Amino acid sequence: MATSGKLASFRLPPLPTVSELVKLYNLRAEKQLSQNFLLDLRLTDKIVRQAGNLKGTHVCEVGPGPGGLTRSILNAGAADLLVVEKDSRFIPGLKLLSEAAPRRLRIVHGDILTYRMDSAFPVKISRPWEEDPPKLNIIGNLPFSVSTPLIIKWLEQVANRSGPFSYGRTQLTLTFQKEVAERLTASTSSRQRSRLSIMSQYLCTVHSCFTIPGKAFVPKPEPQIQQPFKLVEKVVRNIFQFRRKHFYKGLEKLFPEACRVELTHEMIARADLDPTLRPTELKITQFRALCDAYAHLCSLDPSLVNYEHREELRQKQQAKEQRRNMDRRTYTKTKDSIEA
Ligand SMILES: C[S@@+](CC[C@H](N)C(=O)[O-])C[C@H]1O[C@@H](n2cnc3c(N)ncnc32)[C@H](O)[C@@H]1O
């Protein structure tokens, strides 16, 4: 707590180690909440420094997890830190932190997508929009699964001056997946320029601070489909070849004619999907289920791996042309011999 301009001394409990986290939280099982943690305090200090001087300020941290950034924010001197965490397993660890920094850490066990931030901080910190920003920062190593919906929601709240922006021009210091960060900051000449670039830049001044290497995350961020790239590309390419039809139409083309109907049926059943969905309606998790089902079928019949419908069509066409040429040659020969 800030007392006469100085921070009362406090000692935070150490961050859990990787093996403690793996044991405590069964990390690998928690893909759904996108739990990629930052456990290097030098790195979390560096992220927090991007937010400027936090001494005596209010901060909201999104998804504190095991509390790496949380420690850095407290060490930077924030007077009032509100953390919003969805996963109950992190709450006891956060409570320990809160005891070590009395009256400086408030814990909300909830979902940042629905949490009302407009009543979370004292009204007296509000600043008129035209003036300097209020002493309120939002900081977070955002859960990948919510970063895009969350930023869209916040941009709308910037426009309406509601939620965290009811206090004024509240500053955001956030980590994003590299591709999302590139789109947020893309300028006119960039290939990443997209709707997100315009929507964010018409309302905010957006800066890219630095790139966090993948190896800094525990566990390392993994692709959402754990199959070889070639297999995923093949499944996705076949499904999207008829983008307006039911997805099973494209899926069928993964299999040779003789077993096409049977294996398409089996793949859809394994993936537990409604065959009348269109390719554009399928979620990543559904593509994952399809790729896993296809990998299983390939393990039972490895000849499927190299099967390509287009190649089959090409060969059929070639055979047809050869037959036609042969017929033509036979005909000329017969004709020649009659004439002779
Ligand atoms: C990528 S981890 C980052 C954890 C921590 N900040 C760090 O850097 O190590 C994302 C965290 O957000 C939490 N989370 C996921 N979805 C959330 C949501 N909708 N609301 C609040 N927290 C969420 C997860 O449980 C997890 O702790």
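Here the Cβ of each residue, glycine as well, is placed from N, Cα and C on the backbone.
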Self-check item: Candidate sharing the S-adenosyl-L-methionine site with N36, L38, E85, D111, N141 (per TrEMBL), from G63, G163, G168
Solution: G63
Quiz item: What are the non-local neighbours of L38 (S-adenosyl-L-methionine binding site), defined as same-chain residues 6+ apart in sequence with CB under 8 A from its CB?
Solution: T44, I47, G68, L69, N141, I212, A216, F217, V218
Quiz item: Given the binding-site residues E85, D111, which one is most crowded in terms of C-beta atoms within 10 angstroms?
Solution: E85
Quiz item: So what sits near G63 (S-adenosyl-L-methionine binding site) in its own chain, CB-to-CB under 8 Å and at least six residues off in sequence?
Solution: V84, E85, K86, I112, G140, N141, L142, P143
Quiz item: So among the binding-site residues N36, N141, who's got the most Cβ atoms within 10 Å?
Solution: N141
